[in-house]
Amino acid sequence: MKYRFQGEMTVPGDKSIAHRAIILGALAKGVTQISNFSFSEDLSTTVKLFQDLGVKMHIEPTTKDMIIKGSNHEFNPITHNLNLNNVGELQSLIMGMLSTIPDTYTLSGGKFLDKRPFDNLALLLTDMGVGLNRLSSDYLPLEITGSNKLQGITYQQDIASAQIKSGLIFASLYADSKTEILRKMPTRNHTEVLANYFGADIVTDQNVITVNPKNTQLIGQNLTIPGDFSSAAFYIVGALLAENSHLVLRHVGLNSTRIGLLDVIKQMGGNIEITNRSNNSVEPFGDLTIVNQKLHSTTIGAKQVPFIIDEIPLIALMASQASGETIIEDVHDVHLQMSDRITNMRVELAKLGIIMTVNDDSIVIKGNQTIHVKDDVDSHDDHRIAMMLCIASNLIDTPFQIKNIEAIDISYPDFISDMKKVLFAG
Ligand SMILES: O=C(O)C1=C[C@@H](OP(=O)(O)O)[C@@H](O)[C@H](O)C1
Ligand SMILES: C=C(OP(=O)(O)O)C(=O)O
């Protein structure tokens, strides 16, 4: 049903930052205190994994902060069988981290990860001296044997993936020599920012990232996680598209490698006001004010894609309601996310009468498309598709059912109840 977005809200803490903060807190010496830590299925998996590694962590009952007692890079595991439970981010980050531990662990994946290739990172880790033993095919499960005598490498990055880069950085933190990443294009940089905050020595200079592992000693820290821009994105697009909307989102993370959606909106003739910017934390944040606006088409180039990587379903919906034809180039890697995010988006949008053409590596979305329900839709267990379809439902009067809606629990379990608080009729 058509509602306007009105009022003020905050979104849960950033999932990408929280994953890294847990890993760094677990590796560090001393206590780490994480404020604005938001539980989701993905983060529960990470917490469980580190508890399996013997790391003590708990939620402080009054502040709700996550408290981690650092292991000082020495785990005392309860089990050597670790389940990644389909968390894509964890696959690379944990492979990198376990590479530095002289012990053998078995990593299993889940229905999506069991089909997601990890060859790119695996080759790099093998070059550094990590033992990798595939237990069945080219995918998980995998046996990984780390070492405290890894050699740093030079990696000419051919895939613009923050996950591969981050896996390599974690593996390099305790190596015997430096690692250089000659990057193809920038990707989200939370690993570099947070690892340095905990005491690592990672230098980003133009297009070279250098990890200097000499005597790495990570020290536990206090940090506050900003609101997750990728969760805020649903309300940003929701309010832009819904008539008479006026919504303020407070304390949203504004790391420049995450907020490509704001540039896309600008290219489409829209404007989001940013106020109360703050750099007084590890990661920048601020408030966003969104009003309903008319948008036009744009072309989103390959260099922008890493900065909008999780917002592609939403951008497709937004483009279908703008004037003209929008192109998003080089989305090849998005096919690998979840259960082939691009194909599933295309199939489900078509059930709402929205045509999106998928070419070799790009997608094309015609503008001014009328949404009309042809069939009930399905999230395909992809949280971002599920939430995008909720935003689409607010643009028409005809109700439809979203099957497997519970996928939203992967990143934002309170999405629907939070949204209802800022939706008003008329
Ligand atoms: O490093 C990260 O935390 C992430 C990187 C991105 O994946 P890629 O590195 O595969 O682009 C993104 O899509 C994912 O949600 C989280
Ligand atoms: C694709 C995502 O994450 P992952 O790579 O961890 O599955 C996402 O959060 O949208």
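Even glycines carry a Cβ here, placed using N, Cα and C.
Among the features that TrEMBL reports, domain 'Enolpyruvate transferase' is placed at 4-418.
The phosphoenolpyruvate binding site annotation in TrEMBL covers K15, G88, R116, Q163, R341, R384. There are 18 other CB atoms within 10 A of the CB of G88 (phosphoenolpyruvate binding site), with all protein chains counted. According to DSSP, G88 (phosphoenolpyruvate binding site) is assigned to a helical segment.
Taken from TrEMBL, the feature 3-phosphoshikimate binding site covers K15, S16, R20, S161, Q163, D310, Q337. Annotation note: D310 (3-phosphoshikimate binding site) sits in a coil segment as assigned by DSSP.
Around D310 (3-phosphoshikimate binding site), the same-chain residues six or more apart in sequence whose CB sits under 8 Å from its CB are S230, A233, R384, listed in sequence order. Taken from TrEMBL, the feature active site, proton acceptor applies to D310.
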Inquiry  = Checking the spread of the 3-phosphoshikimate site as listed (K15, S16, R20, S161, Q163, D310, Q337): what is the longest Cα-Cα distance, in whole Å?
reply    = 19
DSSP-derived structure type at Q337 (3-phosphoshikimate binding site), helix or strand or else coil = coil
Request  = Please go through the binding-site residues S16, R20, R116, D310, R341 one by one and keep those whose C-beta falls under 6 A from any atom of ligand 2; give the result in sequence order.
outcome  = D310
Ask   = Relative to the Cα of R116 (phosphoenolpyruvate binding site), which of the binding-site residues S16, R20, S161 have a Cα no more than 10 Å away?
value = none
Request  = Compute the C-alpha separation of R341 (phosphoenolpyruvate binding site) from S161 (3-phosphoshikimate binding site), stating it in Å without decimals.
outcome  = 16
Query = Among K15, R20, R116, R341, R384, the binding-site residues in the record, which have a C-beta under 6 A from ligand 1?
reply = none
Ask   = Tell me, how many other CB atoms lie within 10 A of the CB of K15 (phosphoenolpyruvate binding site), whichever protein chain they belong to?
value = 22
